[in-house]
Amino acid sequence: MSAARRATTSVAGPLWNVVKLDLRLQWRYGFYYAAGFSLVLWEVVVLLIPEGIRQVAMPYVIFGDSVIIGFFFIAGAVFFEKGERTLFALLSTPVRFRHYLAGKLATLSLLSLVAAVVLAPHALTSPGDGLATIAVKSVTLVVAVLLCTLLFLLCGMITAAPFPSMTDWMIPSTMVIAALNVPLLSYSGLIDHPAFYLLPTQGSLLLLGSVFDQVSLSGWQVAYAVSCPLVWIAGLVVLARRVFDRYIVAKEGSA
Amino acid sequence: MSVMNAIAGFGRNDLRSVRRDSIMIGVALGPFLYAAAMWFLPPLTTFLDRQYAFDLTPYHILIVSGFVVIGPVAVLGALCGLMLLDDKDQHTLAALRVAPIPPLTYPLYRAAMITAVTTVSITAALALTRLLPAELVLASIPIAFVCGLGAAVVGLLMPAVANNKVEGLAVMRATGIALFGLPLVPWWLDSPAQLLFGLLPTYWPAKAFWLAADHQTYWPYIVGGIAYCGLVGYLLLRRLARTAER
């Protein structure tokens, strides 16, 4: 009993502290002002879109903007903490890499989730939607946004690690975003090929399409849309750990 | 003379780091990326026409102006801002105070460099889209220059407002949609009130590009853009030189 309790506190304690620290730092860096300001501008844009095509536009708005918010922020935070060496100080405390990563992922995906949840209601319901349908759509929205945001955050962190400074990473980062955006070609119907289903963000985009009545998914598609990003996320978490050890922890040892 | 020497020195140093870093590869790739996005425009137009009987052709100029004319301003401007914030973090600006050059030289050099890079990059990207007639690409050179000045303004704004690169990212996020999205709204507006959008540096080149594509007089917007970006850029430079003393 006491051993079990010790085990949970040793995991939850540092994690909670990391989350609190991340929230405080993100507040201080102005992330919330920035996200809030651009959210207000997007709100205006969404309201300007004629009602008839708002449902068509919404998956693009959420996929193209809301889920990307943390992508640059997570990389920026890693660069900054690396530069100021707070990261190494942090890791010599009971905080482990899993706490560090989980804290960042949790706080920054919350930011994207808030953005999506504020924008979505303008296009969420179709005439004749019952309460059950709206509930299903809401849950699907949350799942889609979280899965997609986690993919973007992990890609941001992993690609940032090998670069010495943020300036060097900026241009390559746009290519990462372009690569994650490839499923838009298939979703929009421009080019379609089964190979798109291997891409990490394809599933989330299909889920978003179903939330706004743009596509109707069969059972296997729903299963795919949830499991494929999860497999990618698991793989990327392992990769993040490797990259972190190789480019950040090892670098510090040699410095 | 010493100012010229200093600028040559900054340039040499940049070239040296260019070989080390991937940044110049990116800058060189930029035009291709912007242009490549536009290569999807013709198939998209055919697709929309077939699927929804919607004609996208009248919006081609708007789309090109968004992604190729003013889109790079936000990206390259942010890059310049991050470089200056890098220098601020490393106290380069403060160190240069003891150098025998006017305090504005270094940020001015950065601003001039990003103006030149942006001008060339946008002109090349416009030519590579393969959507525009040659005379419109030619007419766009001064427009690309105004974009370059806009990128310099964005680049100077970031270190003027943010204390470090992470705060710089927050500024980037907040200004991104304002620079890239809002200036496209006047496309649908036909009233003098649209000049209010002139507060955004990217409004001027966007508007000039629409007029040029329509064979109308566009030089007043070139002049307006140069004057506005020049003034804002000058004020930001002065502020930057002041804060570097601290």
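Each Cβ is built from the backbone N, Cα and C atoms, and glycine gets one as well.
It should be emphasised that the depicted structure is a prediction, and the values quoted were computed from it without experimental measurement.
What TrEMBL says about this protein:
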TRANSMEM  A:30-49  transmembrane segment
TRANSMEM  A:61-80  transmembrane segment
TRANSMEM  A:100-120  transmembrane segment
TRANSMEM  A:141-163  transmembrane segment
TRANSMEM  A:169-187  transmembrane segment
TRANSMEM  A:218-239  transmembrane segment
Stretch in A:61-80, A:100-120, A:169-187, A:218-239 most in contact with the transmembrane segment (A:30-49), if contact is a CB pair under 8 A: A:100-120
Contacting positions for the transmembrane segment (A:169-187) when only residues 6+ beyond its ends and CB under 8 Å are counted: 59-60, 63-64, 68, 71-72, 75, 79, 151-152, 155-156, 159-160, 163, 193, 196, 199-202, 205-206, 209, 215
Interface-richest range of A:61-80, A:100-120, A:218-239 toward the transmembrane segment (A:141-163), CB pairs under 8 Å: A:61-80
